[in-house]
Amino acid sequence: MPALDVILNALISGVLLGGMLALTALGLSIILGVMRLVNLAHGEFLVAGAYAGLFLLQWTGIDPLAGLALIGLVLALIGYPIHRFLLVPLAGKGPEASMMTMFGLSIILQNLFILLFSADTRAIDRSYATVPLELGPISVPQIFVIGFVISVVLIVAVHLLIARSRFGRDLRASADQPQAAAMIGINVSRVHAFTFCLGAACAGIGGTLIGVALSFTPTSGASYLLTDFAVIVLGGLGNVLGTLVGGIVLGVLQSIGGLTLGDGYRDLVGLVLFLAMLSVRPQGFLGHRA
Amino acid sequence: MTVLTSQSTPQRTISIRSPAIRIVIACIAFAALLAAPIVLPTYFVEIGFKLLIYIVLAEAWNLLAGYGGLVSLGTSSFFGLGAYVTVGLINQAGAGPLQALAASALAGTAVAIVMSRGLFRLRGLYFTVGTLALAEALRLFVINVPWFGGATGLFVTVDLPEIAALFRYATLLLALAALVMALATGSRFSVLLRAVRDDEDAASQVGVRAFRIKLAAFIVASALIASAGGLQAIKLGAIEPYGSFGLQWSVDPLAIVIIGGLGMRFGAMVGAVFFVAIGELLADYPELHVAITGVTLILLIRFAPRGICGLAEAALRRRGAAPQEAHP
Amino acid sequence: MTAAAHSAPLLDAAGLGKRYGGVVANDGIDIRLDKGRVLGVIGPNGAGKSTLIGLLGGAIAPSAGRIRFEGDDITALPASERARRGIGRTYQIPRPFLDMTVAENLAVGQFSLSPFISAATATAERRDILERCGLADATDVKARDLPLLRRKRLEVARALALKPKLLLLDEVGAGLIDSEVSELIALIRSLQDGERSIIIIEHVIRIVKECCEDLVVINFGKVLTKGPTAEVLASDEVSAVYLGTSHGGAANASPIAAPSTTADPAPSASATAAPLLALEGVSAGYGQARVIHDLSLSVMPGQVVGILGTNGAGKTTLAHVISRALPVTAGRIRFAGDDITALPPHAAAARGIAHCMEGRRIFASLSVEENLLVSARNVATAQCKERLERIYALFPVLAERRHAAGTSISGGQQQALAIGRALMAKPRLVIFDEISLGLAPVMMDRLYEALAELKREGLTMLVVEQDVERALDVADVAHIINKGRITLSGSAAVVRADERLRHLYFGIED
């Protein structure tokens, strides 16, 4: 049995990391909720965000945290043509076609990353990633706290955007009944384009944070995709604030799993939980909006 | 697909007239395949083996996705399972290849049954994600749990059969797959399976036990995939989690079937030939090969959703329309 | 109501209840049905009728109560097991297996119940059922290629392939014209063989009157009254909640709305004015199927134009073409003088075309008020408020439920909301597509009163409707569409008197 402060540390870093996981899952969640698209290239968007942070630092010396907005913008700009040229033409061909197209994109991107950047494991090297923040017995890397705060702020902002703004109203209407939304004057394809870009931007920012806090490889995407699905299932589809809850729950459970079983089991805990959750309460996924 | 005697539905078959002739053609083809290793150079036998494995995987995937609407990204979980079971039995219990392969089929069946309860609650896209999670979970399990040799994997400790023998095993497996597919897609079962694919709730309302129907298809596919995984493991002589549970084993069958034609009887075969040919051409650039597969996928989904077989069928119909009308 | 001593009733449902969160759809419903009987279930929209079918068929799990079938408790059985015991149901909105042929659709039930039935027997059974249901000519047609009306027949045929002891028919008569209703009644009667029991949920009173021996009236999820059909229909209580007090008893399913029938001032604009909407030789369809052929019509400002026709005539397709939800294959569409043929639907909406769609299409994740506000595009807040007040004045019930989720209100209220949503855009032209479909007569009256008021205010309207009387009451000009072409046009009075209207609707041979 590990010492109390070790447990406490693990729990706290679980919460903080979970907040960041929630941000990485946010993009997947809104794209799924609004566009009914399972974005199987979501993991690659995360990895792209991490590379963007890495190269921003290497080439220009701009700190990735200072450049988060820029990275989000870059990912959104990458997302736009993907939506415009790959997804728009598939409108009306069923959800599988879009999902498989994103799957095709995911394997293209993955191998593109390997060809361009090599298969090496990378990490964005910043002092705040290693220097701990200490408070009594608790000691967590500074980035965990910074990343958590940024994630919570972004998630709450996206929640307010969807729940309160006029655009959010259009977005919810488009998610419910795309055809009816178009007929009352909503430019659904623009709403979808914006949603996709927003999702890509969130993924990119989340990816950068993960890239600083942990490490990544060109093929990390697949495992993050699954972790993010677990977050969405735990938090409930289409529920932005639920994503935060789901992320934190998963983060804590992963920490507990890593602590009790060994570090290699962190991801496995998440997946087993995900599969168990699916078999017990798929309503979390399916319930409403059949 | 002439299940109902009152009519024939020619739209999905490139029909070779009567069933008897088909059986004869199939038997000759398999006899030729069994004899092939004697005459063919080793290089072609190697490629042929790869092709056979891919066809089996693709047939299984086509059964699930094309006929059952169960789009799976979990092929690798059963492929890896078969590999580990086969190697484990050969090493630990001294099993022969055929026994080990049969056991891995049983293991595939067992895991399919266990997982079905959770997976089948998921519909459509969510099923896909669930299968992907299953594959990843199994891989992490094998890496972390100490019995399976961790990330290094296991070696087959006995002498490996020759490639010619492996090729024959693969041929037998394909024959089995073809038989199963013929039964599953040309029988009353296929009517029920397609009903479940089209609308599961409505199917239940006319008495279809959707769960059992899906489970039957899932079991058959999983058993075939697990055997293929076992055979591949025997050929390699060594297995490790990233290889056996690798995502490519989920991706490739999917790509093959979409390239060949989803839900088309010959989709798997045609797609596999195309896929393996491209793979051989780009053998020195594996990343490029995968990326090109991705591009092909995207293009076909957009411009030819029924794959090469769909294109061929449309072309045949266009050209054959007039002469066919001349026939009574 | 004691069951015969020698045998238990075929179906005995006691205390059935279903809640969705806080909403109670069914509450303590008791239904007993003996072998060979036909029971009708009526009630206003949102009364919980379709929920009841779901509970009996097994698609919905009850939150309370139990169901016995042939003496066995089947409450916990899933839909498939109930079907195997002999309960067949239809869906209100048909759900055939789209990628299978009509024959295969029937074969699903056959092969599922008796996998080893001989092919010859199965084929003969299918042929018999399809002939009865009028689908014999469509045996090898893919269900996807069937029009709505034939899909409804397929629903019945598919349920019959189970050889059900209990058949649940959910609004199979909705949207049918008189001649089709007669065919349906004949079909239902032919199914009454003394063995088979049937439960019919229906708004078309004729079917209820002519087919059902007993009647249950449901309101607010509870049984309001039950008894022999004639008695129940004659009761004042029933006509008050269901038929609307203005129409005594259950005389006719097409009553005449009171207002605006007196004089006929026909406030149509002068003939010299430019039309607000003009279709010139428009053709359109879905995939291979052309639904509308070379169709031309125009709508003057302030005019109310009725589009009439049977099911599958192309009315809704026409509505979609005008609101630009469906591309045209030929012809052009002008609105206020501009060519809008190539505009996407949201741009057409921005120009002032509002489309109140068939099936209501309320946004579930928006509140009632948000559903209204969302269609007021680029409008200042103060003005939004003003428009809201106007809608609330027209439909006070919406003001009461303004914070409720859009789809948590009853069907009639949702229809009012859909109309309100169309008006919130302050449109220059509103298309009302089948707003009366599936509504209780009393609710239809209320909606058409609202339309009459809008007409007095000078709103230009296109009213697509299969209920001829109601449409002709409100319209200045009417067009009859048949097989995608206009076959008759004229002022409402002229069309009403024309023989061809009757030919079309009452199925008299040409």
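For all residues, glycine too, the Cβ spot is worked out from N, Cα and C.
TrEMBL lists A:6-33 (among others) with the feature transmembrane segment. Beyond its flanks by at least six residues, the transmembrane segment (A:6-33) meets 39, 42, 45-46, 137-141, 144-145, 147-148, 150-152, 154-155, 158, 162, 175, 195-196, 198-203, 205-207, 209-210, 213, 224-225, 227-229, 231-232, 235, 237-240, 243-256, 258-259 of its own chain at Cβ-Cβ distances under 8 Å.
Sequence-remote contacts of a segment are chain residues at least 6 beyond its ends whose Cβ falls under 8 Å from one of its Cβ atoms, and for the transmembrane segment (A:45-62) they are 24, 27, 39, 70-71, 74-75, 78-79, 109, 113, 117, 122, 124-126, 199-200, 203-208, 210-212, 216-218, 220-221, 224. According to TrEMBL, the transmembrane segment annotation covers A:45-62 (among others).
Sequence annotations record features per position, and here TrEMBL assigns transmembrane segment to A:68-87 (among others). Beyond the ends of the transmembrane segment (A:68-87), by six or more residues, the same chain brings 35, 37, 41, 45, 48-49, 52-53, 56, 62, 98, 101-102, 105, 150, 192-193, 196-205, 208 to within a C-beta distance below 8 angstroms of the stretch.
Residues or ranges marked as transmembrane segment in TrEMBL: A:99-119 (among others). Panel annotation: around the transmembrane segment (A:99-119), residues 37-41, 43-44, 47-48, 51, 82, 86-87, 90, 217-219, 221-222 of the same chain, lying at least six beyond its termini, place a Cβ under 8 Å from a Cβ of the stretch.
TrEMBL lists A:139-162 (among others) with the feature transmembrane segment. If one looks beyond the transmembrane segment (A:139-162) by at least 6 residues along the same chain, the residues whose Cβ comes under 8 Å of a Cβ in the stretch are 9, 12-13, 15-17, 19-20, 22-23, 26, 30, 65, 68, 126, 128-133, 168, 171-172, 198, 202, 205-206, 209, 212-213, 240-241, 243-244, 247.
Annotation source TrEMBL lists transmembrane segment at A:193-217 (among others). Counting same-chain residues at least six beyond the ends of the transmembrane segment (A:193-217), those with a Cβ under 8 angstroms from any Cβ of the stretch are 17, 20, 23-28, 30-31, 34-35, 39, 42, 45-54, 64-65, 68, 71-80, 82-84, 87, 119-124, 126, 128-129, 141, 143-144, 147, 150-151, 154, 158, 167, 171, 224.
For A:229-253 (among others), the entry in TrEMBL reads transmembrane segment.
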